[in-house]
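Contents: one structure, followed by commentary.
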Amino acid sequence: MQVKNPILGLCQKATFALSAAKVEQCPEDQGYEVAFAGRSNAGKSSALNTLTHASLARTSKTPGRTQLLNFFSLDDERRLVDLPGYGYAKVPIPLKQHWQKHLEAYLGSRECLRGVILMMDVRHPMTDFDKMMLDWARASGMPMHILLTKADKLTHGAGKNTLLKVQSEIRKGWGDSTTIQLFSAPKRLGLEEAYRVLADWMELEDKPVA
């Protein structure tokens with residue numbers, strides 16, 4: 001008997017809901033939200049678009065252009081949230097400070113936030129931003145799942161070695177609560193594992209398919 005992950009159908013129906021420059025503009029704080037975070041150029045928008053089978057999240061050759069909290073509805077009570085990209089050098093310092101202020105406000109205040117998907121470029125993992133997010137997740141008790149993106153840029157062996165190395169570093173520094181996987185948007189690598197995490201956080205059960 002095959003088992004169908006219900007999050008797949010919801011992701012395929014994802015629609016843009018709204019953009020918020022600050023927490024006060026976010027949707028009502030109820031239901032289930034999963035946020036996608038990552039340094040600029042870590043492949044966050046590409047991952048979101050691949051998971052939803054759509055071009056919902058804006059991709060740009062200029063990293064750091066995502067300046068707002070962007071909300072995408074899966075159904076009446078479940079949402080994905082594209083957080084501002086962080087760390088692009090050409091972004092003016094006042095704008096960086098604005099992003100950081102409202103990113104911290106969102107992460108610290110949303111009762112409906114069930115988990116954070118953190119994107120790391122598999123070739124450059126564990127940046128200062130990544131460690132800051134891991135510190136926050138541990139302190140707040142927030143579930144976190146890491147996508148080591150752009151896995152297609154490495155050989156299978158090199159990707160696996162990086163996965164094991166980052167896993168070990170996270171366990172030593174932050175414990176066992178954070179999960180991690182390889183992911184490639186162009187190759188659609190790691191989709192099912194990511195869908196299982198989303199379904200678990202959004203309290204959706206797998207359904208048997210005859």
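A Cβ is built for glycine as well, from the same backbone N, Cα and C atoms used for every other residue.
In Swiss-Prot this protein carries:
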type    : residues                              : note
BINDING : 38-45, 64-68, 82-85, 149-152, 182-185 : GTP binding site
BINDING : SER45, THR66                          : Mg(2+) binding site
DOMAIN  : 30-204                                : domain 'EngB-type G'
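Positions of Swiss-Prot features highlighted on the structure.
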residue	record	contacts (Cβ under 8 Å, 6+ apart)
GLY38	GTP binding site	LYS44, GLY85, TYR86, LEU118, MET119, MET120, PHE129, THR149
ALA42	GTP binding site	GLY85, MET119, MET120, ASP121, THR149
LEU68	GTP binding site	SER19, ALA20, ALA21, PRO84
ASP152	GTP binding site	SER184, PRO186, LYS187, LEU189
ALA185	GTP binding site	GLY43, SER46, ALA47, ASN49, THR50, THR149
Can you tell me how many other Cβ atoms are located within 10 Å of the Cβ belonging to SER45 (Mg(2+) binding site)?
25
